[in-house]
Amino acid sequence: MALHDENVVWHSHPVTVAAREQLHGHRGVMLWFTGLSGSGKSTVAGALEEALHQRGVSTYLLDGDNVRHGLCRDLGFSDADRQENIRRVGEVASLMADAGLIVLTAFISPHRAERQLVKERVGHDRFIEIYVNTPLAICEQRDPKGLYKKARAGELRNFTGIDAIYEAPDSPQVHLNGEQLVTNLVSQLLDLLRRRDIIRS
């Protein structure tokens, strides 16, 4: 079947996004965490999800490693595979946001163009780009998975920040200092969600 087969049409459903959001008691949005490996994306996203859950907010966290165990298990780390990885995640996260959830995504997502495509897919008003800015030297010191060590030794090729480029966001909605305490970063994000009337508490 062709990618845009004329026989495939969009089917609207009687339950709207607004109705789902009303049921949840908050807006459905996508929080896109981006940054180098070891920057703290997953840690901050996980801590924020826990804080939201404690406040009765419906959430789901999509993590870069986890999706490669299932949804993206057939993909490698070439530029083409990385692009497809982000496209798939963007589609899934968009559906979850439509369901009225606050979706947190923690992906290196090194290219601006890919992040822009996700933003366009979910809608500018429901996409919040969160740049976890941590110096490469600090990320290498942390190196929780030992990947930087392997990359420096030549055992791991095409690793972002070493021999593959990371394009930092030009104007992210949120710019976090990844060297700050996680609790401080979570507080900043909760304040943002309240100011934007995404959550109430």
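Backbone N, Cα and C atoms are what each Cβ position is placed from, and that goes for glycine too.
Annotation comment: Swiss-Prot describes GLY35, LEU36, SER37, GLY38, SER39, GLY40, LYS41, SER42 as ATP binding site, evidence class sequence analysis. Per Swiss-Prot, active site, phosphoserine intermediate is recorded for SER109, and the stated evidence type is sequence analysis.
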Chain-internal residues, separated by at least six, CB under 8 A from GLY38 (ATP binding site):
THR134, ILE138, CYS139, GLU140, ARG142, ASP143, PRO144, TYR148
Residues other than GLY35, LEU36, SER37, GLY38, SER39, GLY40, LYS41, SER42 within 8 Å, Cβ to Cβ centroid, of the ATP site?
THR43, ALA106, ILE108, VAL132, THR134, CYS139, GLY178
In whole Å, note down how far the CA of SER109 (active site, phosphoserine intermediate) lies from the CA of GLY35 (ATP binding site).
8
What's the number of neighbouring CB atoms sitting within 10 A of the CB on LEU36 (ATP binding site)?
25
How big is the gap, in Å, between the Cα of SER37 (ATP binding site) and that of SER109 (active site, phosphoserine intermediate), rounded to a whole number?
10
Fewest other C-beta atoms within 10 angstroms, as judged across GLY35, GLY40, which are the binding-site residues
GLY40
Which entry in the list of recorded positions, SER37, SER39, SER42, SER109, has its Cβ near the fewest other Cβ atoms, using 10 Å as the limit?
SER42
Note down the number of other Cβ atoms within 10 Å of the Cβ of LYS41 (ATP binding site), including every protein chain shown.
28
Do you know offhand how many angstrom separate SER109 (active site, phosphoserine intermediate) and LYS41 (ATP binding site) by C-alpha?
11
